[in-house]
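Noted in Swiss-Prot for the protein shown:
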{"type": "REGION", "residues": "1-20", "note": "region 'Disordered'"}
{"type": "TRANSMEM", "residues": "26-46", "note": "transmembrane segment"}
{"type": "TRANSMEM", "residues": "71-91", "note": "transmembrane segment"}
{"type": "TRANSMEM", "residues": "120-140", "note": "transmembrane segment"}
{"type": "TRANSMEM", "residues": "183-203", "note": "transmembrane segment"}
{"type": "TRANSMEM", "residues": "212-232", "note": "transmembrane segment"}
{"type": "TRANSMEM", "residues": "261-281", "note": "transmembrane segment"}
{"type": "TRANSMEM", "residues": "293-313", "note": "transmembrane segment"}
{"type": "REGION", "residues": "899-924", "note": "region 'Disordered'"}
{"type": "COMPBIAS", "residues": "903-916", "note": "compositional bias 'Low complexity'"}
{"type": "REGION", "residues": "974-1004", "note": "region 'Disordered'"}
{"type": "COMPBIAS", "residues": "979-1004", "note": "compositional bias 'Low complexity'"}
Amino acid sequence: MSELFDEAPRDPGPPARSGSRRSRALIVTAVVLVIGFLGLSTFAGIYTDRLWYVSGGYGAVFTTLFWTKTVLFFLFGAGMALVVGVNIYLAYRFRPFFRPNSPEQNGLDRYREAINPIRTWLLVGVALVLGAFAGSSAIGEWRDYLLWRNGTSFGSEDAYFQKDIGFYVFDLPWLHYLVDYAMAVLVVALIAAAVVHYLYGGIRLQTPRDRLSGAAQAQISVLLGFFVLAKAADYWLDRFDLVSQGGGVITGMTYTDDHAVLPAKNILLGISIICAVLFFVNVWRRTWLLPSVGLALLAVSAILLGLIWPGIVQQFQVKPSEADKEAPYIEKNIEATRTAYDVANVDVEKYDPATALGAGSASMVEEETSSVPLVDPQLVRDAFEQNQQVRAYYSVAQVLDVDRYDIDGNDRALVLGVRELDQSGMNAGDRNWTNLHTVYTHGNGIIAAFANQRSEDNKTQIDNADNTGDQAGIVWAQGTNAGQDALARATGGFEDRIYYGEQSPQYSVVGKATPDSTDVELNLQTAGSDEGSTTTYDGNGDASVGGFFNQLMFATKFGEPNFLLSGRVNPNSKVLFNRNPADRVEKVAPWLTVDSDPYPAVVDGRILWIIDGYTTTDRYPLSEKESFQTMIDDSLQEETGLRTLPTDEINYMRNAVKATVDAYTGDVTLYAWDEEDPILQAWRSAFPGTVEDKSEISDDLLDHLRYPEDLFQVQRYQFARYHVTEPIDFYQGNNRWQVPEDPYSKGKFQPPYRLFVDSNGGTDQVFALTSVYVPYNKNNLASFVSVNADATSDQYGQMQVLELPNEQTPGPGQVANQFATDPEVANELAQFNRSGARPVYGNLLTLPINDGLMYVQPVYATQALSDSSFPILRYVLVKYGNDIGFGSTLRDALENLLGVSTGPGTQPPDTGQPGDNENPPPATGTVAAQIRALLAQAQDAFDAADAALADGNLAEYQRQIGIAQANVEAAMELGQKRGSAGQPSGSPSGSASSSPSESPSPSS
């Protein structure tokens, strides 16, 4: 090739100066050092990554990713380099040997003389640099490539092109990339060829005629022909994009797309093919007239047909009757969206909530509300830390988790926090490399509290600045104090060391040089000692340090020479890194969208982090697109840095995978949860053996799997609009709902809550994830939505919506305002506010109770002037219909609401069988006991009346109803007298409540 690139004998020129040689040598040395350092860093990252994957049993994932990316880099990089290099070479090879003398050519002589000595190097360098850019870009397309290669059928077709949905999800993105790549290569090659032709006289811009040589015209015509042909392929693919593009009233095909944009794409496709043929013909005809006309026609058609004509159709055909025109398209969008987000089978029931509780419903309400979680996972975090932290270098998450355990035969909800290592709490003098990475290596244990239970004395102390009164009213299920072992009883004990967690250090070096070496890793202090014990990690997690080469690689990766210098690093050491559970799942399954909230569970004697993994796409035809972050942006959402695939905008979502990460060993296990999901099937084909079958999930693990919050939030966001199935109503926004704003966090959605609620059509309660809707841009309540969150249930994942009538049932914001402005509540809160305490409102819970809706909200108190203060559960507010009750406990609040005692107390005297006397006898005992006795007699009379009616004895039925009414009226009269005397049962103004500790009933 070099002889072809020689134009004239080279002039050796004057001898080079020694100074310039030294400068050149220094520059070359610096470049070599920089390249060597970057190469070593890159290699160290790849090498240690391979060690990490292999140690975790996912070496096949590393191999697949590495070779896929490598092949894409070299294949597409070589394609760009080859096409550009060949075109540069051809442009130079067929340069004109005679160049007419002109000012233009005389000016270009300087550039030709400068380029001539380095022509070959310049050609190779330009081709390689452009190839490297193209190859690097291709690496980012590995997901599309693997999906295209391993994609399968969805089993259904779109409504317009009758293509399997798999074509849009698996094939279309990769085909788009191939066409875009081809167009980019042709554009770069065209520019490169044109520059070379211009430099060497093949293109002469300042001559009046023959501005292009024959070779230049032929080469440029061929490149333009292929480019326009690629554009035709792009128009063909663009047709299919119409079913997943947004920007209109819906995502997907609209009337304008169907009647203007789609025909325009077909016409432009045909014009592009004709234009390409004209460019190819121009190789022989040597005239630019026909190609220029074709290119001009394509450009004008693109403007007229692609932009102006759709605008005319939209403005003059669609706008005057848009609802009717768009109705068929909206109908298809509704059907596709409900399918893509899996909300097509939501059970919607009309629900007309009662506004008052019946006289005989007190015990039923008490039973149904016994499992209401009063311990707010967000607010009690400080209480967890100050009471169970033990040392400043331990911490728990900002928002705690809720899970359920079988404790003493009862299904109980617990608020859980993992006691993780938080190195920011270490003393400044202890913060050296040895301590940070070999001594302070792990956390210890789980802290657990009953979600629905108060401390035994049933009161709280808020007058001590350190809040030591009753540990925030919390009843511990697992902690550091003696006797708090309910979780241990439920699980049979467990490995409590936490080496992998949400707050774990970047890396730790663990392991002893010999079995007789001293343990140096600091463990949780032992009972009765102020000093922590020591331990040594003996799990199989992550990579072994090994010999000098591995130590050098880790030293390079982390920029830390102590890997080579410290005596704590030995051949038996392991390096624990990539320790965040969600990050570990992302790394072994880089095709998953990972849930933002991993939660801990004790399973088979180990602490596991459970993480939900989703398959998402933005290519599901006709389904509505929305930002994933927007849909899950509630008041508890934290920035995690986790990615949403393929983009933040999605229009399809499935909880395809349940993943676990062992908090001690770091072992990651993926289980196929939705085995019918075609996207999961494609990834299992791409990475065989990495995802276990659903049947491999143990019973103990299954007990702790739950419906994921991110999925529920996405579904509730979409269902707020897509519960409307009539196209005209949908277009007009009739009956549109929205997720309410959190009353205490402006601009954020109210988060969903995990509650035990009545099962659909059953008598038992089920563990559910719940939320509410309000009408669009209004504040009253529209509906209550829940989903069965119990993975062991046959009804798992079944969503139920209780749709309220249009009357003004107050929504969360309105209820929060009613609580704050209620005279009795406001007066009581003002009293302890004046004493230096500050009220903090907990979760505002909504739950269906006794054919109505009850709001429950805990109120915490914290010392306003104390930095060490943490919220203490002080009051509970309840609302049913128009009535508000409050008290120190939920039972007290219900008593205050109902005007009766719901718990055990003084037993009423034996008054005989109902019906012995129509006039109720004078009751004895306390007023509350009298009321209970009267209501019990009334309930007995109602039962007797029902039995008489069943037997057809109308006379007895009427007599028993009279007795019941007399007892109810007497009870109401006593309640009114007690209220006027200012003695509400359970009033928080008392120093202590008379009711016993609140112990929840079995919930299932």
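Note that Cβ sites are derived from N, Cα and C of the backbone, with glycine treated the same way.
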(message) Let me spell it out: take the transmembrane segment (71-91), skip the flanking residues so only those 6+ beyond its ends count, and list any with a Cβ under 8 Å from a Cβ in it.
(response) 1, 123-124, 126-128, 130-139, 141-142, 145, 181, 184-186, 188-190, 192-194, 196-197, 200, 202, 215-216, 219, 223
(message) Using a Cβ cut-off under 8 Å, which residues of the same chain at least 6 positions beyond either end of the transmembrane segment (26-46) come close to it?
(response) 66, 552-554, 556-557
(request) Among 120-140, 183-203, 212-232, 261-281, point out the range having the most Cβ pairs under 8 angstroms from the transmembrane segment (293-313). (result) 261-281
(message) Can you tell me which parts of the same chain pack against the transmembrane segment (120-140), counting only residues 6+ beyond its ends and a CB-CB cutoff under 8 A?
(response) 1-2, 5, 69, 72-82, 84-85, 88-89, 181, 184-185, 188, 192
(message) With Cβ-Cβ distances below 8 Å as the criterion, list the same-chain residues six or more beyond the ends of the transmembrane segment (183-203) that contact it, or say none.
(response) 79-80, 83-84, 87-88, 90-92, 94-96, 99, 105, 108, 111-112, 115, 126, 130, 134, 211-213, 215-216, 219-220, 223-224, 226-227, 230-231, 234
(message) I need to check the long-range neighbours of the transmembrane segment (261-281): which residues 6 or more away from its ends have a CB within less than 8 Å of a CB in the stretch?
(response) 221-222, 224-226, 228-229, 231-232, 235-236, 238-239, 242, 290-291, 293-295, 297-298, 301-302, 305-306, 309-310
